[in-house]
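Look at TrEMBL and you will find 1-12 tagged as compositional bias 'Polar residues'. Annotation source TrEMBL lists region 'Disordered' at 1-26. For G139, T140, F175, D260, E261, V262, Q263, T319, the entry in TrEMBL reads pyridoxal 5'-phosphate binding site. Residues annotated as N(2)-acetyl-L-ornithine binding site in TrEMBL: R178, T318. The N6-(pyridoxal phosphate)lysine feature in TrEMBL is assigned to K289.
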Amino acid sequence: MSSETAGNSPEESSPEDAGQLQATAAAVAGTGTSEQWLARYSNSLMGVFGSPQRVLVRGAGAVVWDADGKEYLDLLGGIAVNALGHAHPFVTSVIASQLATLGHVSNFFTSPTQIALAEKLLELSGAPAGSKVFFANSGTEANEAAFKLARAHGKANPSPDGRARSTILALEGAFHGRTMGALALTAKQAYREPFEPMPGGVRHIAFNDIDALRDALDGTVAALVIEPVQGEAGVRPLSAEYLVAARELTTQAGALLIVDEVQTGVGRTGDWFAGIAAGIQPDAMTLAKGLGGGFPIGALITFGRGPSSLLSAGQHGTTFGGNPVATAAALATLHVLEAQDILANVRAVSRIFAEGLATIDAVTAVRAHGLLIGFDLARPVAAGVVAAALDAGFIVNAPRPSTIRLAPPLNLTAEQAASFLAALPGLIQTAVAAQPTEGASS
Ligand SMILES: *Cc1c(COP(=O)(O)O)cnc(C)c1O
């Protein structure tokens, strides 16, 4: 081999070497029992997530298996990410073929999947002429872009009385991500305090309170950021009246309305986008979780020419965002959601959950927004229910001490939903029995 081709020729590695490598994850990661993996985890992974509940090795549809071969029905879907479940054959093959064709180019270049996905998102969101898309890799990054959009709007549109338009309003209970800008928008003190000072200008106002919003919207406000349904706060919806008022009042005040649909978007609630389904067109919308069907991607959509021209060349960027593989994954996911009318399934299975949960005595409230479902328990035993569910082969989540959240694959079947509903009373009983003294001292 000549030196000119060394390092970039397909002939560089010998066919024998390649033949000896099995192209599987186990070949590069190795194998082990759950116990062995968890010991290695605690010695090598930063402790920010606490101790993982299980070591998962394989998935198919709404089912996953752990390293010991135990099977689970995944009713959390990677927190509203695995829109079509695990290892969806169409999504998987589109990703593999895109990666085998062209995996990454910098944003000095573009690719057909990036352009086609931007067009598709503008079509699905009913965005007017002049609307635009920016691709990121996650929800928090999409919200960072939205944060900068709000700042740019504030600079371009000073308050009529000459004050800086530098305030960004967010809501109590909000979750917008963990990077500094998105964290400043996030309400939870425990997430914020260790990392103060936060980026300035963010104010949190009362949830779902139109009067509080009206009072807060003075000439210094650049943007209001809201989630149509607060997922991390226990699946807590804004009322339709609030959404409409938020649109009207921000327009009157000259502030942007930014809707964070990272969790609620892309069919999760039974509509493509919860805010748009409620009849409001935001100035900007952020997406991530379900968009790539399990592959990391985020997006900021700006509606109309004004918001879409706020960030100009050189003012924002990303290396990975909008890469060919991530955008192919999202196109494949949207294609299946549309071609198989999965949103109709979301609405049908949501009703099964809502009706089934309502018949369970220990469940005191049900908030079913498509397949983003929160339900409250009579006692604060949600963590115990999560543990009992895992033992029984179900993955669910406890965002609050008395609240269980479900965010399963959007193609979950009625039978799969029914199997959980049948097991749930027993799971709650197990959790209550494990905490016999709860309530006695408080
Ligand atoms: C999950 C979430 C985020 C953050 O997304 P990451 O991909 O974890 O950064 C932001 N906003 C909402 C509403 C979310 O649910």
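A Cβ is built for glycine as well, from the same backbone N, Cα and C atoms used for every other residue.
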For V262 (pyridoxal 5'-phosphate binding site), which of the listed recorded positions (R178, K289, T318) have their CA atom within 10 A of its CA?
K289
Compute all pairwise C-alpha distances among G139, T140, F175, D260, E261, V262, Q263, T319, the residues listed as binding pyridoxal 5'-phosphate, and give the largest one in whole angstrom.
25
Do any of the binding-site residues T140, E261, T318, T319 touch ligand 1, in the sense that the CB is under 6 Å from one of its atoms?
T140
Output, ordered by sequence, the same-chain residues six or more apart from K289 (N6-(pyridoxal phosphate)lysine) with a CB under 8 Å from its CB, or 'none'.
I79, A80, V81, G139, V262, Q263, G265, V266, R268
Below 8 Å Cβ to Cβ and six or more residues apart, same chain only. Which residues does that give for E261 (pyridoxal 5'-phosphate binding site)?
E227, P228, F273, A274, G275, M285, T286, L287
Taking the Cα atoms as reference points, how far is D260 (pyridoxal 5'-phosphate binding site) from T318 (N(2)-acetyl-L-ornithine binding site) in Å?
20
For a quick check of understanding: among the binding-site residues T140, Q263, which residue's Cβ has the most other Cβ atoms within 10 Å?
Q263
Structural state of D260 (pyridoxal 5'-phosphate binding site), classified by DSSP into three states:
strand
Just how many other Cβ atoms lie inside 10 Å of the Cβ on D260 (pyridoxal 5'-phosphate binding site)?
31
Do any residues at least six apart in sequence from F175 (pyridoxal 5'-phosphate binding site), in the same chain, have a Cβ closer than 8 Å to its Cβ, and if so which, in order?
T186, A187, K188, E227, Q230, G231, E232, A233
Distance, R178 (N(2)-acetyl-L-ornithine binding site) to T319 (pyridoxal 5'-phosphate binding site) (CA atoms, angstrom):
19
Quick check on the binding-site residues T318, T319: which one has the highest count of other Cβ atoms within 10 Å of its Cβ?
T318
Using Cα coordinates, what distance in whole Å links T140 (pyridoxal 5'-phosphate binding site) and R178 (N(2)-acetyl-L-ornithine binding site)?
6
